[in-house]
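Straight from Swiss-Prot, the features:
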BINDING   ARG8, LYS9, SER97, GLN98, ARG99, GLN160  substrate binding site
BINDING   SER67, ILE68, THR69, SER97, ASN126, LYS192, THR222, GLY272, ILE273, ARG274, ALA293, LEU294  FMN binding site
BINDING   GLU161  Mg(2+) binding site
Amino acid sequence: MISTTSKRKIEHLKLCAESPVESRKVSAGFEDVTLIHRALPELDMDKLNLSIDFLGKRLQAPFLIASITGGHPDTTPVNAALAAAAEELGIGMGVGSQRAAIDDPTQEESFRVVREKAPTAFIYGNVGAAQIRQYGVDGVEKLIEMIDADALAIHLNFLQEAIQPEGDRDATGCLDMIKEICSVLGKPVIIKETGAGISREDSILLQKAGVSAIDVGGAGGTSWAGVEVYRARKSGDYASEHLGELFWDFGIPTVASIIESRVSLPIIATGGIRTGIDIAKSIALGASAASAALPFVGPALEGKESVVRVLSRMLDEFRIAMFLCGCANIQDLRNAPVVVTGWTLEYLGQRGFNVKDYAIAGDSF
């Protein structure tokens with residue numbers, strides 16, 4: 001018998017594939033970011049070096065397929081397609097929440113297939129902060145073993161939990177549990193928001209807790225409050241539908257969250273990353289890598305080749321952006337000047353950030 005968690009996972013996947021679930025009134029903020037064009041790049045575009053070292057693993061480009069799915073039999077071919085594409089292109093990938101496999105071990109294959117299809121890729125496991133108190137360190141280690149993960153992501157999705165009728169609304173003790181896991185787990189720990197962004201205040205707390213990287217998961221991409229609107233509407237839960245509509249665009253947009261989160265830790269820029277130019281802007285703002293999920297849901301349902309096609313297009317766009325900025329490698333791009341204007345400039349100014357320094361060549365942060 002399929003568990004409630006497993007049923008919810010396939011429901012989420014179908015909704016993301018078939019319904020408009022992105023932010024409606026809030027953007028990720030990339031339109032407020034301008035890369036400085038170099039009319040004389042003095043580079044051979046075909047010889048640019050896009051590779052990075054990320055949490056102990058070599059990636060051929062600073063990009064990861066963000067956590068999408070797992071935990072239902074129908075998600076196994078989806079994860080297989082994503083993993084095979086990541087392996088072919090030399091990028092990383094995260095699995096969806098492994099909670100379903102803890103609730104029902106028969107669902108483990110939907111996650112194990114990722115390592116089977118991507119034996120050398122950077123793969124991270126995934127569990128919710130609301131569940132780590134229940135599972136403890138031993139349970140978390142089982143998640144790592146399940147997929148031979150290179151790292152573990154602990155996702156923060158309290159906005160979604162607050163709206164879900166079945167959500168876990170008790171957020172007490174999570175930071176202490178994160179500290180404990182970071183101190184004893186033999187793998188890097190990534191803290192990952194899921195669409196509402198990470199603030200400066202929380203970044204400092206996470207750095208002190210010993211996390212290895214922060215995935216900002218900013219507003220401007222998939223809205224999980226929006227996903228819950230469709231679930232609530234289908235079940236006739238008008239109270240949850242109202243809450244989802246109200247909080248559809250809640251959170252810190254991705255660009256602002258990248259800058260808020262700069263605390264001497266690797267940053268993954270997630271939330272509304274849709275083009276290679278978005279990737280380039282993220283790196284220039286200080287991210288170590290970028291990631292996206294929604295652009296690959298439809299292609300993954302079609303198969304590996306469709307995923308490779310979309311990924312290759314984004315990486316080609318990224319290569320061109322690097323070339324036009326006169327950047328031979330990722331460190332050059334991190335040092336490249338970038339201008340922040342508009343709403344993002346106003347927001348960050350009020351938050352006390354001097355973004356004018358970003359317009360000067362050289363990574364001074």
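Each Cβ is built from the backbone N, Cα and C atoms, and glycine gets one as well.
The shown structure was predicted, so the numbers you read here are calculated from the model rather than taken from an experiment.
Projection of Swiss-Prot feature records onto the structure.
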{"residue": "ARG8", "record": "substrate binding site", "contacts (Cβ under 8 Å, 6+ apart)": "GLU166"}
{"residue": "LYS9", "record": "substrate binding site", "contacts (Cβ under 8 Å, 6+ apart)": "THR69, GLY70, GLY71, HIS72, THR75, GLY96, SER97, ALA100"}
{"residue": "GLN98", "record": "substrate binding site", "contacts (Cβ under 8 Å, 6+ apart)": "GLY70, GLY71, PHE111, GLY125, ASN126, VAL127, LEU143, MET146, ILE147"}
{"residue": "ARG99", "record": "substrate binding site", "contacts (Cβ under 8 Å, 6+ apart)": "THR5, GLY71, VAL127, GLY128, GLN131"}
{"residue": "GLN160", "record": "substrate binding site", "contacts (Cβ under 8 Å, 6+ apart)": "GLY167, THR194, GLY195, TRP224, ALA225, VAL227, GLU228"}
{"residue": "THR222", "record": "FMN binding site", "contacts (Cβ under 8 Å, 6+ apart)": "CYS16, VAL21, GLU22, SER23, GLY195, GLY271, ALA293, LEU294"}
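Secondary structure from DSSP puts SER97 (substrate binding site) in coil. Neighbours of THR69 (FMN binding site), defined as other CB atoms within 10 A of its CB across all chains, total 25. Least packed by the Cβ count within 10 Å, out of the binding-site residues ILE273, ALA293, is ALA293. Taking a C-beta cut-off of under 8 Å and a sequence gap of six or more, SER67 (FMN binding site) has these contacts in its own chain: GLY94, VAL95, GLY96, SER97, TYR124, ASN126, ALA153, HIS155, LYS192, ALA293. Mapped onto three states, the DSSP output places SER67 (FMN binding site) in coil.
ILE273 (FMN binding site) sits 24 Å from GLU161 (Mg(2+) binding site), taking the CA atoms of both as reference points. In this record, FMN is bound by SER67, ILE68, THR69, SER97, ASN126, LYS192, THR222, GLY272, ILE273, ARG274, ALA293, LEU294; the longest C-alpha to C-alpha distance in that set is 23 Å. Under DSSP, ALA293 (FMN binding site) is assigned to coil, being neither helix nor strand in the three-state scheme. The residue listed as 'Mg(2+) binding site' carries a helical DSSP state (H, G or I). The substrate-binding residues named in the record, ARG8, LYS9, SER97, GLN98, ARG99, GLN160, extend over a maximum Cα to Cα distance of 17 Å.
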